[in-house]
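Trainee: Dropping a structure here in structure tokens format, bear with me for questions.
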Amino acid sequence: MGRGDIELETNKVYDQDVVADVEFPTTAHQISSDSWFQVGFILTTGINSAYVLGYPGTVMVPLGWTGGVVGLLLATIVSLYANGLIAHLHEYGGQRHIRYRDLAGYIYGKKTYSLTWALQYINLFMINTGYIILAGSALKATYVLFRDDGLLKLPYCIVIAGLVCAMFAICIPHLSALGIWLGLSTIFSLVYIIISFLLSLKDGLHSPPRDYNLPGDGLSKVFTIIGASANLVFAFNTGMLPEIQATIRQPVVKNMMKALYFQFTVGVLPLYLVAFTGYWAYGSSTSVYLLNSVNGPVWVKALANITAFLQSVIALHIFASPMYEFLDTKYGITGSALNAKNMSFRILVRGGYLAFNTFVSAFLPFLGDFMSLTGAISTFPLTFILANHMYLKAKKDKLTSSQKLWHWFNIGFFSIMSFVATIAAIRLIAVDSKTYHVFADL
């Protein structure tokens, strides 16, 4: 088994590229069943989820034109590079590492296995918290369009969103089972992206000159800018890349790189479109949820909000799937998804997990702050620090001195960024908690 003494029951598959038996751990979910194109859509669904409606306000407003545009472009390039490193380690050592923690454990040992496990699930839990906040915000925005009487508050909408997410999680057993839902997710994304772009463009063309000055002053502005840097990497958060790569057909590395190139070329264009147009149209007054800033026919805005809600439900399932896979494998939940035991398990366990997620979402519904904290404490370490160090350790005998220096530079730089961004994000949450109180109706 692996050098890190992580003992796992394994199966074997024949890798046509390497001409060798490649082991992979036992899992209750499907392996090697999806095309690179389907995996590319899963990745693209993640970056073009309803979170894109927050980037004009959470990235562009704190950073301005220069910082926002340059930052997003650099984040795209650096994220593609870091994810490519992880993708190339998928079959490292003649073993297929279908979970991020398995790869870290194989390279470093049990302690890093546990640390990576903790970081990853903190990361995914917080992403899912954000999705429930987004879905609840979309529901409230829809309600306000028709009845602005203050009766349906954001915490109530978040509870409804959490219930719908739980029902979806119970019905879809694993990541590969999304199937047609990925197509629907793409349609939903196109609807709210096109609507938000067109309405922002219309408003921008007919609005007086906007204020693009960075908000705040002194120390407050500095902390806001640092927090926004974490939002930059959050946009391309793929701290579950090995889990997604596990579903792809052979040859897994070649096909995963195709999916990543698709994600970081065609896939990022809608994100750029919404982020830049939204900020151009409303300047520093852009809302953290863009559809609250746009003006247009009620039915059009309602359609955009409803599709944002539905897409958030699907996207949450993608980022919750590693937790589901862990629990299903641990407790032997295999066979038909409609089996009474399996259905009962999903209702109890997935429902309980999302109930806690929903409580946290309603308790602290500060979307931008959660994006900053998630990027700081988990995205930086998982996607950048750990990726570079694992590749450095795995390939050290094949790297030149300049290549080793490059990886050490990345490790040092992103370690510093993670530390300062965490402080900034915690400060932002503390300030907002005093300003709005818990269970706030934002």
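Backbone N, Cα and C atoms are what each Cβ position is placed from, and that goes for glycine too.
Got these off TrEMBL a minute ago, pasting:
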- 34-426: domain 'Amino acid transporter transmembrane' (DOMAIN)
- 63-89: transmembrane segment (TRANSMEM)
- 121-146: transmembrane segment (TRANSMEM)
- 152-172: transmembrane segment (TRANSMEM)
- 179-199: transmembrane segment (TRANSMEM)
- 219-239: transmembrane segment (TRANSMEM)
- 260-282: transmembrane segment (TRANSMEM)
- 302-327: transmembrane segment (TRANSMEM)
- 347-364: transmembrane segment (TRANSMEM)
- 370-387: transmembrane segment (TRANSMEM)
- 408-430: transmembrane segment (TRANSMEM)
Trainee: Okay, the transmembrane segment (408-430) and the transmembrane segment (179-199): do they have at least three CB pairs under 8 Å, pairs separated by 6 or more?
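Mentor: No; fewer than 3 Cβ pairs under 8 Å.
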Trainee: Answer yes if the transmembrane segment (370-387) and the transmembrane segment (219-239) have at least three CB pairs under 8 Å among residue pairs 6 or more apart in sequence, and no otherwise.
Mentor: yes
Trainee: Using a Cβ-Cβ cut-off of under 8 Å, list the residues of the same chain that are 6+ residues beyond the ends of the transmembrane segment (219-239) and lie near it.
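Mentor: Sequence-remote neighbours of the transmembrane segment (219-239) are 43, 46-47, 51, 55, 58-59, 62-63, 67, 71-72, 74-76, 78-79, 83, 100, 119-120, 123-124, 127, 264, 271, 368-369, 371-376, 378-380, 382-384, 417, 420-421, 423-425, 427-428.
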Trainee: Near the transmembrane segment (302-327), which residues from the same chain, at least 6 beyond its ends, have a CB less than 8 A from one of its CBs?
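Mentor: Same-chain contacts beyond the ends: 27-29, 42, 45-46, 49-50, 53, 99-100, 120-121, 124-125, 127-128, 131-132, 134-135, 138-139, 141-142, 145-146, 161, 164-165, 168-169, 172, 174-175, 178, 181-182, 184-185, 187-189, 191-192, 195-196, 240, 243, 291, 333, 349-350, 353-354.
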